[in-house]
Amino acid sequence: MDNEWLLSYSDLQRVAKLGSGVSSTVYKGTWSSKEVAIKILRLISPAKDLNDFKKELFIMSQVSDTNIVHFYGATLEPKLCIVMELCPNGSLYHYMVANEITWDNFFKWSCEMCSGINVLHRWKPTIVHRDLKSLNLLLNKDLTIKVCDFGLSRYVPPEGEKPQECDQTLQKLRGTYAYTAPEMYHSKIYTTKSDVFSIGIIIWEMSSCVINRQFRKPYSEYSDIKHDYQIIYQVAEQGRRPTIPVDCPKSVAAVMQQCWAQEPADRPSVEELLVHMNEIKKRYKKKKSRW
């Protein structure tokens, strides 16, 4: 990591805990008179975790966009911390759990999500996120989507080339199974189309939340699925997908089905998806009363 991104831990002030996971805790805090989010990593396998941390930092320090959470810097000691933009409205997941959302929200957030991911996919070399889910999409004070959490993100080789030995993780099952593409169950190489599958699940979450006026977890309607690993097995081996609501507009349903096609080659690119979503959005704005 470039020295310009190296911050002093003593300059960080923690104000309130925002959330905690297996590998990190996130706090609201201050740095250089700014309100920020401070992500403090919890080392489980020190050597591996430090290596993954450096990969995450490198990607965050390189990429900047309106729909990607802003990176201010990091500390390496006494704790591994990432200092980033504070998004006071929390994750898209928690927002949907607590609030009803509209088709206006749906189209705005779908396009912003695709726009942010498109920046990663168009980067040279290409970056794949590998853990896209509504928990990793933040909402700032203006309710603008910010893609976050690049802990599993990696650069990928050009199409047709195999990953180098150090990047064999691209063939391993990672991320959250409810959002994971079926090819990963079969140890295929993770590609941009694997991210697109995850986007399809998030689009389902949002459209379902609009139609049902409440949030439902993907696959929660299936009584025979009781564990996360059952989801990826059913998705990969039996082609199971979340149930599309009966009242879902056909154009939106078609987008989901394209995104979560069993074969990666049958899924659109994020760039194509963004164009398509903007076209549907225009049609929606002309005839809102029919939605």
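Start at 1 and count along the chain as shown; that gives each residue its number.
The backbone N, Cα and C atoms fix where each Cβ goes, glycine too.
Where the annotation comes from TrEMBL, it is an automatic prediction and has not been curated.
According to TrEMBL, the protein has these features:
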DOMAIN    12-279  domain 'Protein kinase'
BINDING   Lys48  ATP binding site
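Note on the domain 'Protein kinase' (12-279): mean pLDDT across this stretch is 93. Of all the Cβ atoms in the protein chains shown, 10 others lie within 10 Å of the Cβ of the residue listed as 'ATP binding site'.
In the three-state DSSP assignment, the secondary structure recorded for the residue listed as 'ATP binding site' is helix.
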